[in-house]
Amino acid sequence: MTSAFELILCLMILGTACVALFMRDFLAAVAFFVVFGNLMGLAWLTLGAVNVALAEIAIGAGVTGVLLVLSRSRLLALGEEISCGPAKPWLRLGAAAACSVFTAVLAAAVLSIAPDDGLAPVIDGLMPLIGVENPVTGVLLAFRAYDTLLESFVLLGALVAIWSLAAPAAWPRAPAALRMTDPAALNVAGSFGRLLLPVALVMAAYLVWVGSDDPGGAFQGGTVLAGGFLFAAMGGAIGLPRSDNSALRWSLVAGPLVFLAIGLAGAALGRFLAYPEGTAKALIVTIEYSLALSIGVTLALLVAGPPATTETGL
Amino acid sequence: MTISTSLGHLFPLTGAALVGLGLFGFISLRHPLRQLLAVNVIGAGIFLILGGLGRGEGVTDPYPQALVITGIVVSVALTAVGAAMITRLAEERRAAGTASDQPKDQGP
Amino acid sequence: MMTAVPLALVLLPLIPAIISFALPERLAGWRNAANLFVALIKVLIVADLLRQVRSGVDLEWRYTILPGHDFLLRVDTLALLFVSLSVFLWLVTTIYAIGYFGRGPNLARFFGFFNLCVLAATGVALSGTAVTFFLFYELLTLATWPLVVHNGDEKSLRAGRIYLAYTLAGSAAFLVGILWLKTLVGSIEFTAPPDLSAVPPLTLTLIFVLCVGGLGVKAALVPFHGWLPAAMAAPAPVSALLHAVAVVKAGAFGIVRMIYDVYGIGTVAELGLGPPLAALASFTILYGSLRAVMQTEIKKRLAYSTVSQVSYIVLGASLVGPFAVIGGLVHLVHQGIMKITLFLCAGALSNRLGIKAVADLDGAGRRMPVTMAAFSIGALGMIGVPPVAGFISKWYLGIGGLQSDASWVVAVLAGSSLLNAAYFLPMLYRAWLLPPPEQAAFRELGTASDRMLVLPAVVTAAASLAAGVFASSSFSPLTWAKLIAEMGYLK
Amino acid sequence: MSPLDLLVAAPLAFMVASLVVGRGGRWLILAASPAMLALSAWLVALPPDAAHLVGDWELPLGILLRADGVARLLVPATSLCFVAVGLYAWHEFSPKSGRETARAHTFWPLLYLMWGGSNAGYLTTDLFNLYVTIEMVSLAAVAMAAMGSLAAGLQYFLIALVGSLAYLLGVALLAAHYDTVDATLLAIHARPDLPTLLAITVMTAGLLVKTALFPLHGWLPPAHAAAPAPASALLSAVVVKLGFVIILRLWFEAFAEVVRPAAMHLLGGMGALAILYGSIQAIRQERLKSLVAYSTVAQLGYLFLAFPLISNAPNPAEPWAAVLVHAVAHMLAKAAMFLAAGLMLKAVAGERISDLAGLARAMPLSVTAFALAAISLTGLPPSGGFTAKFLLLHAAIEQGSVVYAAVLVIGGLLGAVYLFRPLSVACSGSAAPVVKAEAPLRVAAPLALAALAVALGFAGMMLIELSSLSAPPAAAGPLPAEPGR
């Protein structure tokens, strides 16, 4: 029963991926991509990785989907076709052959690796030291906190990179507005956004809070927050901030800064990113809240794009 | 190979297929936005390999899960940068197109 | 004895180099003073070294640059022969250059690189290991390139390209050669020749060809001589130095080191490498002279003459007999002072009278008698007329040839002398015996700048005369060459 | 406190600070420069096998930071490049001087991100951690490349993205297979089975794309040539080195027991072709920055040419040192060259080599910086480039590898051909162009870097000693005993 379900799920994942890649209409392709992302989330749930499932659905499917739709509409507004652009037949054929061979080799390699629980016992043994229950949070914010710290800077850097693309005259204005142009849609989105933002705030706070013991955490919470911001912006409930807004700057850097400061405090007491005994959980929760705020704001602005001179609506 | 072990490889194998599929998409698709989508499919495939092979008896290894979450966040950040570059390039092309002919790109 | 004296001697020109680069053009006087001052100090240091080395003191400075590769500066008799030649001529040329350029563009650059050339040439002379030699040899290339392209016109730039192409390819071959040898026998120190007995003869021959071929580029051995006439595009002080001392001599000097200090006479003879090299040198001697006869431009004629004359040194070295060695070594000095005389005069003629072609020389002896007198001494010396220095070299080389059962060498020398006469005597004839085109009043030694232009050539002409007349005195180049031969090569 | 952490934390803190400060962000370089140079010096001075675990979490789960020879050479060199570029860019990326203020503002946080990322990359032994650092560097690099040409930037971005994913795929296979991605542990456990070999292959391929080894170099010249000078300098000097260092770590440390000699020769052959192809292309360029960019393609070839020379050497320590010295020397010289080129091209308001005519007189310092950098890049003595190529040539001759030796020699000669061409034009006497006097402070940056590249030639023994610290067994060899030690 379970096996049949898994088999069907995998086939559907492959099918939706195919459609998302090769559908002529890009909007439909993105729609299928979002479905694909959600199916992936389902796959992660099946694998017992609830944390990943949440992240995949929220970020992989949600944020990426919105990003692609938004880019599509901006490109269409600029008069650019997002062609399916069939490459030359011989190239396609060659690529297909090469990719099949590669896939076969990869599959063989994958088959020769036995699935196991890997480091789970090691991690189980270490969890009591940090006082949180969710082992994924433990890995992300304690055992491999260094990865996560650098990753938070990748996210921040991505936003800076996007800002650097701004046209000369656009700096330091706000990104192009996300406001819906259709009045009816705007009306719906407006009221929905006003309603959603506080809900998102509460939900994000909750996700981060439970994240220390149950699935959830800064990334998932931050994404929900970003979703709330984006909806509110689409409905016109909030405007997008200028890039030199100092409150914005502080909220962007809050998470990475707190993380870095706690890491350095650890270094002053002994070891970089080590938490003194007994304080681990408190410090982790502090980091997670500030990270969630920064991630939420950053993700929302990543989607919104570089500062712009013209108002191009959806 | 028993049914259960082969099924244990189901998700990683799906991941491998996704990698191949995405790679084919990346090579054969022309528009960068579609290539970006293809890259996301490849990424999803890689994560599925990593996570799928971490499924043991009853417990799923949190270590690859954490790596995957990090990977997902990095990948969304890069996708956003790519999307912004694509739209900005289109804007510039349009601005250049209205002013004069698009200057040819240098280099081979 | 470990001492920093050799290092100081090498690095001393850095001071005027930096001063020259840094000082603005309006302080040109200070620049000239610094250049002259340091050149003088170098002469004094070398004089002192001559005294010390003669009494058997061994001075060296060593620094490990890479595992198994020492940077070694060592003052030995052969090194001092070259060093004394270069410091003397550098002093002379510095004075000359100040008079020649007066106030022109890019002089800071000129004097800066000029000093770097001195540095490199001194380094080449004092190098105690093959790697050290290579470092300075390459530095010499780099430091002379800006001088070759000094004028900045299309001709100079082309000359610069040709120069780099030849010399860099040559040093690459040399580098491969010494590295190859190093991997076979370990570090190559000139004072302690490596034991080559375990290396197969074919390999040794190949390495020898690579090294001597690479060095032969700078020594302008045919067929690697092409860069030298092209480099005539450079200003006269540069031509004088490149051709008389720095570059070609570095090549010839390197070949001498290879034969005597790396391979050793015995190995060279065993491998049968001497005769082919001697043949090549002889061919170069005759070919260069023939080409010189065909040139109508003075500097080009002198350039081909250099191609020919430098090979006397190689010839002497490759004949591997005591007299030939002495002849070759002494020619290193003699050719230097004679050829620089000729170039200095040619530069003065073109600078003051605009004479560039042989045909313009008519009556030059009346217009610039002092210059032409110096020129004549140099030319006669090149032909081998006694008692000018050139005669001594040819005499020893001839006897050396006979000693080494290579009597054909005498024929080569005689043929070359005839050809030398064929291209120098018409010049002297025109200068002294033909009337000048129009009687333009010209006072040769009118201003200080004129004197700085003309007197250096007089000094070197006098030196070439003295080197011949007083050849048997205790500090003559000949005596020193004999000393080298006795101390080093004729054991 | 340890420089292993601070070398990463400090640039990131400066990134945060520059974002918060905003308009005045460029001033921070004045604080960052001495701080980072001091930290680099501290790193070099650490005891020989300095290493520690982040947060004291043990392997295989935790992350190990280590001050090995690679880090001790490349981190200081990187810092020098960043300091010089930062001081040079001070003027170019100041909010007042230009209208393009988005660049002026974002250049600085991107610079610090790249700085932190590359330091993190050199210090860590964790392959997944390396993935994150690669992305830090790539992100900043893409943004900087896009400042010159968006199209070239986008091309670079997509290629870099696929390269990263290939690397990530390899890491995923290894993580699943060995339950660790730490290079020091993999060195013990790695077996030559299919997943491992596939992982090495895809990781190497991905990194080669990012390092732009021929024939995967296509994206590099347009991106590097179009970017503003400080960005080009960072892209060519710093960014491509990280990928190379990771390959070095994979092939000689983590998988030293797994990699076959044939594979070494494959990389070496690609390196040889890169040298020849890049040099010939550089000779054919008419625009100065394209020439310098193709020279990067050629010079990167030397890094890979060294692979077979290291693996076959009786004493691998020498070619190992050579390749690291080459990386350092190229870093300094190439950054200097791009900065000097930027100054010269800006002064004459052109981009072609022929526009440089007469500049040797008008801008002697910039031309000197360019010339010194050219000396090191060509491998002429005395310079770091010479030391590296000398050791490589020595190794090639010692092993009787005629082909590699020939490529080394020919590559050096071709290098002289393309690098002396602009110098020759600059020395031409056709009336010196009227340009503004050189700003001594701006020209100091390329001049200092180039002088350092040359000065490295005198420090051969020190560099070899540094490079041998915690060198992997495959690259360690007994150094010939020195008298008095």
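A Cβ is built for glycine as well, from the same backbone N, Cα and C atoms used for every other residue.
What TrEMBL records for this protein:
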| type | residues | note |
| --- | --- | --- |
| DOMAIN | C:131-416 | domain 'NADH:quinone oxidoreductase/Mrp antiporter transmembrane' |
| TRANSMEM | C:32-50 | transmembrane segment |
| TRANSMEM | C:71-98 | transmembrane segment |
| TRANSMEM | C:110-137 | transmembrane segment |
| TRANSMEM | C:163-181 | transmembrane segment |
| TRANSMEM | C:201-228 | transmembrane segment |
| TRANSMEM | C:272-290 | transmembrane segment |
| TRANSMEM | C:302-326 | transmembrane segment |
| TRANSMEM | C:370-396 | transmembrane segment |
| TRANSMEM | C:408-432 | transmembrane segment |
| TRANSMEM | C:453-473 | transmembrane segment |
Touch test for the transmembrane segment (C:408-432) and the transmembrane segment (C:453-473), at least 3 Cβ pairs under 8 Å: no
Non-local residues, at least 6 beyond the ends, that sit with Cβ under 8 Å of the transmembrane segment (C:71-98): 5-7, 9-10, 32, 35-36, 39-40, 42-43, 46, 49-50, 52-53, 58-65, 110-111, 114, 118, 121-129, 131-132, 135, 189-191, 237, 240-241, 244-246, 249, 253, 256-257, 260-261, 329, 332-333, 336-337, 340, 344, 347, 449, 452-453, 455-457, 459-460, 463, 477, 480-481, 483-484, 487-488
Recorded stretch that, among C:32-50, C:302-326, C:370-396, C:453-473, has the most CB pairs under 8 Å to the transmembrane segment (C:110-137): C:32-50
Stretch with greatest number of CB pairs under 8 Å, the transmembrane segment (C:302-326) reference, C:32-50, C:163-181, C:272-290 candidates: C:272-290
Considering the transmembrane segment (C:272-290), which listed stretch of C:163-181, C:201-228, C:370-396 counts the most C-beta pairs under 8 Å: C:201-228
